[in-house]
Amino acid sequence: MNAIIDFANAIFKPLIDMGAPTIMLVVLTIIALCFKVKFSKALEGGMKLAIALTAIGDIMNLLTTSFAPAMNQFVKNTGMHKDIMDMGWAPLATITWGSPYTLYFLLVLIILNVLMLIFKRTNTLDVDIFDVWHSAFVGLFAVFCGAPLWLATLLILLIGYLKIVNSDLMKPTFDDLLDAPSSNPMTTTHMNYMMNPVIMVFNKFFDKFLPWLDKYDFDSAKLNEKIGFWGSRFAIGVYLGIFVSLLAGYNFTTEQGWKTMFTLSFTAGACIELFSVIGSWFIASVEPLSQGISNFATSKFKGRTFNVGLDWPFIAGRAEIWAAANVLAPIMMIEAMVIPGNRMMPLGGIIAMGVTPALLVVTRGKIIRMIVIGTIELPIFLWAGTLVAPFVTQVAHQVGANIPAHALVSDTTMEGPIEKFLGYLVGNAWKHQGMFIIYAILAIAAYILIFWWYSTEMKKRNAKYAAAAKEA
Amino acid sequence: MAKEVKLLAACGAGVNSSHQIKDAVEEEMKKRGHNVHVDAVMIKDVNEDMLNHYDAYLTIAKTDLAFEPKIPLIEAGPILYRIPAMAQPVYDKVEEVVKKVETE
């Protein structure tokens, strides 16, 4: 036994010492080869992931280092404890893909999906391989909080199961929102839609008590057209630089004060733009593997037609998603400043793409409801982002980002905030036992119950769609 | 070399779905002997001014616009299903538009 471990160590130890980008270059290339991807394509993917990891680390370093003094001043000046910088989703996705365990969770979830298809528990084949990072993130966070891998895996299997069930439940609504026939195969297992049950509770409340609010719905496309460049990523980066500089109390009677403000603003704008550029390399890196897995899965189910689980933006054409995100951005800024327990300063995640698609699906495009319910649920995202910050920062260090000491990074609008709390409770239940075990069990029971209630509501909705289709 | 044809693809962050469409369309058009360049952007940044720089807009399902687009919209969603047979009709439609632009 010892000989085997020594042998494994002799091979793997030097590789692990090379750091995350090198590990992932090797691991991703090998896994892609296992799914019969051509060697040159597999290596191209592995290399792109390695450079994306390296680049994202460097940009996070640049952003946090240039903002660290201003943020310290900000905290001193205002007494507001905002020491976590919001990176948005791209860096978090990249560093989560920097862990080989993400590939482990991917394999577990593929097996789950295939089993569910075989036993006819679903009609959705998930080809959105890239977004497995949301689930892997929760699993890794549970492990970080103290859970053993098997327990984290069980949690991910539960969440993964419900996600796939949810994709079937939402399918008729997508057809409705897209004006598509039911032969349209597009649906999604994206984690942001796991907020649907909670949103459904509020939506029910609107149905019962505030239905008159719906008549104030406005034309979302026109609003977005008016906002135009003012709501673009880099513009928001620039506003944040100005905002932080003002509250940091820089002396604007001196040239230095102005210069520092402009430098900060342009650095923020540049970093946010670069995050998405690098994000696109890293998604391209997973592309050969995604195609390989899809080919493999479809070849196993010849002759059966399914729905295809995609990344969420096939409904990004609906203007309400962006109108709600535009309106929620300043609201989130205010909430972030006043809500107790939030330590995050919004920046990269301020365009709430991890929040608004679920609002669209549940309310079916009632924009006022989307904004009001969004305002109510945003604090959950802020608290979840604050909760995971130590974990995100540690993983960022592992991929080689030199984030200054005492600076923390996270994401304000990361999909699946409730799942983060579950990961936290499950991890702590294992580590500290006692009351945490009861909290974890209660939380998971509540999570399943509210999903069950939501699924009955969705089934009622889907029955109405089916009846309408029959009449037509 | 054939005349360059410029297409636009858009999705949520301009990073994932739109890039899949970009890569697939560019590769397939190259195979068919055309010179096609696709830009991938965030849907919320698409406006009338931007569309004027392109020969066609590759959409994913229904796309709300606050104006009447002057260029053709091509539904490219099926490329994302990762099943080649379903992507073929999209490529054919793209090629139709590309050929038209080339003869102009």
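Glycine residues also receive a Cβ, built from the backbone N, Cα and C atoms like all the rest.
Since the structure is predicted, the reported quantities are computational estimates derived from the model, not experimental observations.
If you check TrEMBL, you get these features:
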{"type": "DOMAIN", "residues": "A:12-452", "note": "domain 'PTS EIIC type-2'"}
{"type": "TRANSMEM", "residues": "A:18-37", "note": "transmembrane segment"}
{"type": "TRANSMEM", "residues": "A:49-71", "note": "transmembrane segment"}
{"type": "TRANSMEM", "residues": "A:101-119", "note": "transmembrane segment"}
{"type": "TRANSMEM", "residues": "A:140-162", "note": "transmembrane segment"}
{"type": "TRANSMEM", "residues": "A:227-250", "note": "transmembrane segment"}
{"type": "TRANSMEM", "residues": "A:262-284", "note": "transmembrane segment"}
{"type": "TRANSMEM", "residues": "A:345-363", "note": "transmembrane segment"}
{"type": "TRANSMEM", "residues": "A:370-392", "note": "transmembrane segment"}
{"type": "TRANSMEM", "residues": "A:436-454", "note": "transmembrane segment"}
Can you work out whether the transmembrane segment (A:140-162) touches the transmembrane segment (A:370-392), with the criterion being 3+ CB pairs under 8 Å where the paired residues are 6 or more apart along the chain?
yes
Would you kindly list the residues that approach the transmembrane segment (A:436-454) from elsewhere in its chain, counting only those six or more residues past its ends and only Cβ-Cβ distances under 8 Å?
158, 162, 166, 169, 196-198, 200-201, 418, 421-422, 425-426, 428-429
Same-chain residues at least 6 beyond the ends of the transmembrane segment (A:49-71) whose Cβ lies under 8 Å from its Cβ atoms:
20-22, 24-25, 28, 82-83, 85, 87, 90-91, 94-95, 97-98, 244-245, 248, 250, 260, 263-264, 267-268, 271, 274-275, 278-279, 281-282, 285-286, 345, 396, 399-404, 407, 409
